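Asker: I'd like to ask some things about the structure below.
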Amino acid sequence: MIVLKWLFFTISPCDAAEPWQLGFQDAATPIMQGIIDLHHDIFFFLILILVFVLWILVRALWHFHYKKNAIPQRIVHGTTIEILWTIFPSIILMFIAIPSFALLYSMDEVVVDPAITIKAIGHQWYWTYEYSDYNSSDEQSLTFDSYMIPEEDLELGQLRLLEVDNRVVVPAKTHLRIIVTSADVLHSWAVPSLGVKCDAVPGRLNQISILVQREGVYYGQCSEICGTNHAFMPIVVEAVSRKDYGSWVSNQLIPQTGEA
């Protein structure tokens, strides 16, 4: 078992932040892929705007230097240029905004009939997960707490401050619904590779839909300052095949059924 765990941690693909990383993590959901594509498209326009503004600035500094123009020109009003610098930025903003609308609405889209519903409950300073679709008894669902693994207990291949004792296991290529809430203060359930960041508010249920397109391990953290140990609330989502997911659920339900 130890050998298998070591092989899993060293061979399985992991999506987590890397030192000196400037770009996005690899996308694992359609939403995250859309965010990356939108970023690249907008960045192209931003480069054009930057070059244009720098050209105007350098040209003004070069041609209107005080040594070349000892007596400055006094221009107090220019209707044409005022119209131009109002219309053109508006058009540019429209070209930037319109492509983002489809992505924005798709992020709020709720799957009518998800295959699995998982409830994530934030605590100071750990997460509780409930798989309400699988009942081990008439009153109890598949529930477990997820704590960060201390640095001294990490195994080979595990990531510092990002590993947990119980991962959120989900099937890949399956529509999921995540219901996020909090038991005490504000938290935020965020996993960058999945394109997910949902606030956990006490007394409120926030809902997000996820479709993980590939198997792997995805790391996130609480993204809302929630107290002293805010930085020690990692989130680990493990996407597996449907067959492996079914085996995991069965193994999780057996001990809970025995306790009941």
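Just so you know, the numbers here start at 1 and follow the chain as drawn.
Here the Cβ of each residue, glycine as well, is placed from N, Cα and C on the backbone.
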Asker: Can you pick which of Met148, Met233 Swiss-Prot lists for the same Cu cation A1 site as His187, Cys222, Cys226?
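Answerer: The candidate from Met148, Met233 that Swiss-Prot ties to Cu cation A1 along with His187, Cys222, Cys226 is Met233.
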Asker: Minimum Cβ neighbour count within 10 Å among the binding-site residues His187, His230: which residue?
Answerer: His230
Asker: Where does Cys226 (Cu cation A1 binding site) sit in DSSP terms: helix, strand, or coil?
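Answerer: The residue in question, Cys226 (Cu cation A1 binding site), is coil (DSSP, three-state).
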Asker: For a three-state summary based on DSSP, what are the helix, strand and coil counts in the topological domain 'Mitochondrial matrix' (63-86)?
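Answerer: Helix, strand, coil within the topological domain 'Mitochondrial matrix' (63-86): 9 helix, 0 strand, 15 coil.
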Asker: Using a Cβ cut-off under 8 Å and a sequence separation of 6 or more, which residues in the same chain sit near Cys226 (Cu cation A1 binding site)?
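Answerer: Listed in sequence order: Gly122, Gln124, Trp125, Val185, Leu186, His187, Met233.
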Asker: Taking just the CA atoms, what is the gap between His230 (Cu cation A2 binding site) and Cys222 (Cu cation A1 binding site) in Å?
Answerer: 7
